[in-house]
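A.B. asks: Feature table excerpt (TrEMBL):
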TRANSMEM  C:7-29  transmembrane segment
DOMAIN    C:42-90  domain 'NADH-Ubiquinone oxidoreductase (complex I) chain 5 N-terminal'
TRANSMEM  C:87-106  transmembrane segment
DOMAIN    C:107-388  domain 'NADH:quinone oxidoreductase/Mrp antiporter transmembrane'
TRANSMEM  C:177-195  transmembrane segment
TRANSMEM  C:240-261  transmembrane segment
TRANSMEM  C:273-293  transmembrane segment
TRANSMEM  C:337-362  transmembrane segment
TRANSMEM  C:382-404  transmembrane segment
DOMAIN    C:394-576  domain 'NADH dehydrogenase subunit 5 C-terminal'
TRANSMEM  C:425-445  transmembrane segment
TRANSMEM  C:451-474  transmembrane segment
TRANSMEM  C:495-515  transmembrane segment
TRANSMEM  C:535-552  transmembrane segment
TRANSMEM  C:559-580  transmembrane segment
Amino acid sequence: MMKFLMMMIFMIPLCFKKNMFWMVQMMLFLMMYFFMNLMINVMYYCNLSYMYSCDMLSYGLILLSIWIIILMLMSSESLYKMNFYPNFFMFNLIMLLIMLFLTFSVMNLFMFYLFFESSLIFTLLLIIGWGYQPERIQAGMYFLFYTLFASLPLLLGIFYIFNKMNYIMIYFMKFFNFNLYLLYFSMIMAFLVKMPMYFVHLWLPKAHVEAPVSGSMILAGVMLKLGGYGLLRVLILFQKVGLKLNIIFIIISLLGGFYLSLKCFCQVDIKSLIAYSSVAHMSMVIGGIMTMNYWGFIGSYILMIGHGLCSSGMFCLANINYERLHSRSLYINKGMMSLMPSMSLWWFLLMSSNMAAPPSLNLMGEISLINSLVSWCWLSMFLLMLISFFSAGYSLYLYSYIQHGKFYLGIYSFYMGLSREYLLLMLHWLPLNILIMKIDYFMIWF
Amino acid sequence: MANVPFLGLKTHSQKVCSLFKRTLRNLEAFYDRRNVYRYQAVLMRERFDKNAQVKDMRVATQLLKQGEEELFLQQHSIPRKFPLSPGGVAYERVVQSPDWVLDYWHPLEKAQYPEYFKRREERKKEFIAMWEKEYGKEEKKDQHH
Amino acid sequence: MQKFSICFISFFVLFSFSMINIFFFSYFVMNNLVYILEWELISFSSMSIVMSILLDWMSLLFMMFVSLISSVVIFYSKSYMSSELNLNRFIILVLLFVFSMILLIISPNIISILLGWDGLGLVSYCLVIYYQNIKSYNAGMLTALSNRVGDVFILMVISWMMNYGSWNYFFYLDFMVNDYMMMMISVMIIMAAMTKSAQIPFSSWLPAAMAAPTPVSALVHSSTLVTAGVYLLIRFNSLLIDMFFFKVLLLLSGLTMFMAGISANYEFDLKKIIALSTLSQLGLMMSILSMGFPDLAFFHLLTHAMFKALLFMCAGVIIHMMNDIQDIRFMGGISNFIPLTCLCLNVSNMALCGIPFLAGFYSKDLILEMVSMSNLNFFIFLLYYVSTGLTMFYSFRLTMYLMINDFNLLSVYNLYDEDYVMLKSMFTLMMMSVLSGSMLMWSIFSYPYMIYLPLNIKLMVIYVSILGAFLGYLMSNMNIYSMNKYLKSYNLSSFLCLMWFMPNLSTYGLNFYFLNYGQLMLKNIDMGWSEFYSGQGLVLILKNYTVFYSFFQMNNNFKIYLFSFVLWVCFLMMFMMIYLNSL
């Protein structure tokens, strides 16, 4: 683990040299490759050094975050072209990656909390530093305070556990069992806000709308998954309380998923629509985790990985349109099939992955989540049907509104898709649909 | 219904004419053979002509209203439309791209129509020359797309 | 260059695939073979997710028909779509469609069937919105979302099948018939099949999908995609055979057959008439299936695929030559101009009506005789026979409008019958729609059905057909040349020709509520209460308190300080007085 940390730390000087934008990306690719070759045992923590290590759960999420960071660099080439503080941007991304890496790999619950919060700072810098509109300050505040507000109880909860047990190693948490309601709420609310659960999701659409493409990608790709990761780690402490109280969160998130997918139809902003759709998917993930059965855990893990790749790709597509038309409005982004026919294919592929069409990871994840939720209570079938139906509805709505028909006549200058962009989209889509061949890595991890 | 005129204000005679036209379109949908349709159209024309001389505007407005109602009750459920007119099956089937889209074609695509693009490039150069002659040379700036 | 266009290459590949399939079909049916290939993705907790492939005579034969029709249709679209800029895109989409159809046919596993089932929905969506107008946009949305209902039901079936530890439904059908969970599964399977096959609550998408290019309609919306639901139920048949829900399905599919037959008589769009006749035939397949004759349904499915694809291709030729005019009121007397096309059209129409010794006769007549043999109530019996009469009715009406009467097109026209690419492909299918009935009859039924009927019942089909044909002739003649009072009542005619208002019910009637509700939720929850209680509301409260306290602290704090000191001293003295008094 230390070698990867060192590698990232020594990449920092590289960021401040001129014209090292692609070099940093190449180095990250290299690191990705090293990391992929890491020996991973299925059941246990391995590669322990100091207090960092990883098991399958963190392994997949670290891979996801490295991958998303690489693709973020690739998608924000315009920063580099326009010389819009690319050095500091790269530095920011590397720091963010370090924080995410440490969050996922650390074994101590308090250290987890520390890195969990510090990744917030760099995302905040990304949003208010490279965003488009003045409203980004407000969005940044929303983002910061929503997540911070609920995470202070988490800190107290961690201290409480430490006081009681004198031990806050994540691996040993499976031997504890707390039957305390207050502790339960204080430990999971931070993650639920981060996920985000319905009712506390307001920061997400705002942050997405104001963030630059890289900010949206990391938000949808990894930041939401931090919450899921935390829940998967922490819920093991609360098996007894969970049996009594998890029903609240399942109901909120299933109903919320349905409402959110209806809200998607009312959006006119592409990014906001994608943000709402990702909240809807995340609500299914919350439901799956909260059932606390095997199918739910693996389903949430698979859907987190799949959704991370898929929604990040969709934000890239939204940005590709934005760079050409300088608008995210659905009224202006129309009829792109006549202008960019090849990009239409990528819209369709990512859109279909978003609506859980085979053979994407999203489908496998949704199947597992549906299995877990229906076996938890068969009445949840109806809400799941509605969520699944409407997820197809808004995905198709998004796709066909943007691609089909006449285009906006106010366009006077345009350019075709660049090969960088096609590569970017392919790198999103390919792991999403190839990994289903090796689905056992996602299904047997604890 | 069919035609919303400028400002939406219509005189009485305009309204009657519009009613007559819509009635004929409706008859066309019902009677698809030309001769049968002509016969029905003549009958319809006679009904309109009968009330053409009504001077009392109250009666005339009433008659117009009756006519509209009758048309509404007798309208065809599948009106006959030409394919390329609004409401037809092939209306706006193909998007007509503006001229500038051709500039963004891939060179390989352009190579399929060599003569056209050769002439297009010539015309562009001519246009630029004309422009510069008229308005002077443009100074070079760094332009991003 | 012309020789190696994508159309010819795909035609060649698909045609040879079809020939391979027919070879294997005859081998499998002779030796009564079933091959199951399985690839295990994962297995844990005694559940295994497998990708499985089932090869038996049924899947091989169906694959052969699908690939034959699609090869011919692709060959045909070389000419039909010749002026299309994005021909490659079109052909690739059609190929993808065929691929997903084949995946659907060969998978006996409810998870791996999703690969084909979802693929069909998505690709057919792309094909319906292929043209760039609003009509096709709306039609595509209706099609895709109606089909998505079926996808969702399949997903739910997966979650219920989990109880059995595997998703190979093939293995459980015979043993788990009386299981409670199997009952849930079968209801959902029936619903899924009803969406794909456009049975009554979901049937509005099939005529709407005619916004697609005509080769697509020929392949997708007549012969293959819509039969996927029937095929699924054929596979599930042994499970469902004695269930209450099958009776419901019988009623619904009978009504579909009847409704589509009536609507086809009121419709004037050439493609929609054919689509409605497809719907009627689908109702026939579904209903005979729900009476417990899966092999008859399969038989009719195959013969129907042949002549319906042919019918659509002929309609495509006519539409192509009439410069996109689809309204049959513009047509008439075209048999004088394009006799060969009209020949094909007539053959397929006659096959559809079940004229003896064409393809439709073998399947349809057998179905109707089995219906007469079965123990049915009068209503269902009536639905069958009236719908058979209605088939003749609209077929004759179509023939009258297209061919018999005088020419009625615009004054400038160009009709020609020398488009050999289209003609070749049509003739291939014409041979098949003459021969396939008897061929299949001999090959797939190992023993003949025994029919034992009184003469009048036996001849009932002929009676209703003749009656229907006569009425169709009379009606269309009257329609064309004189008054047609029966269309004059707007309420009735729109009720009947708009498929009992089903398109309205499944579009405006439904989405209004959901969109409105979403808007309401967005306004009241997202921009309302949850903002009030967490985001803006908190800021508001904090701001108000800050202002309140800063008023005391900053503006005139000294005065207030002094004042509060005086007050404090007063209180203190008062309390001291009270305290001292109480001593």
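Cβ from N, Cα, C; glycine included.
Because the structure is a prediction, the values reported are computed rather than measured.
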A.B. asks: Take the domain 'NADH-Ubiquinone oxidoreductase (complex I) chain 5 N-terminal' (C:42-90) and count its residues per DSSP category (helix H/G/I, strand E/B, coil), listing them in that order.
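C.D. replies: With helix first, then strand, then coil, the domain 'NADH-Ubiquinone oxidoreductase (complex I) chain 5 N-terminal' (C:42-90) has 28 helix, 12 strand, 9 coil.
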A.B. asks: Pop the mean pLDDT for the domain 'NADH dehydrogenase subunit 5 C-terminal' (C:394-576) in here, whole number is fine.
C.D. replies: 84
A.B. asks: Which sequence positions outside the transmembrane segment (C:7-29), separated from its termini by at least 6 residues, show Cβ-Cβ distances below 8 Å to it?
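C.D. replies: Those are 55-57, 60-61, 63-65, 67-68, 70-72, 74-75, 77-78, 87, 91, 94-95, 98, 443-444, in sequence order.
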A.B. asks: Do any residues of this chain, six or more beyond the ends of the transmembrane segment (C:382-404), have a C-beta under 8 angstroms from a C-beta of it, and if so which?
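C.D. replies: Apart from its flanks, the transmembrane segment (C:382-404) reaches 254-255, 257-258, 261-262, 264-265, 270, 273, 276-277, 280, 283-284, 287, 318, 328-329, 331-335, 342, 345-346, 349-350, 352-354, 364, 368, 371, 460-461, 464-469, 471-473, 475-477, 479-480.
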A.B. asks: Mind checking which residues of the chain, 6+ beyond the ends of the transmembrane segment (C:240-261), have their Cβ under 8 Å from one of its Cβ atoms?
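C.D. replies: Here the qualifying positions are 177, 183, 186-187, 189-190, 194, 198-201, 203, 233, 276-277, 279-284, 286-287, 290-292, 380, 383-384, 386-387, 390-391, 393-394, 499-500.
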A.B. asks: Any residues 6+ beyond the ends of the transmembrane segment (C:451-474) with a Cβ under 8 Å from its own?
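C.D. replies: Sequence-distant neighbours of the transmembrane segment (C:451-474): 265, 353-354, 365, 368-370, 372-373, 385-386, 388-397, 400.
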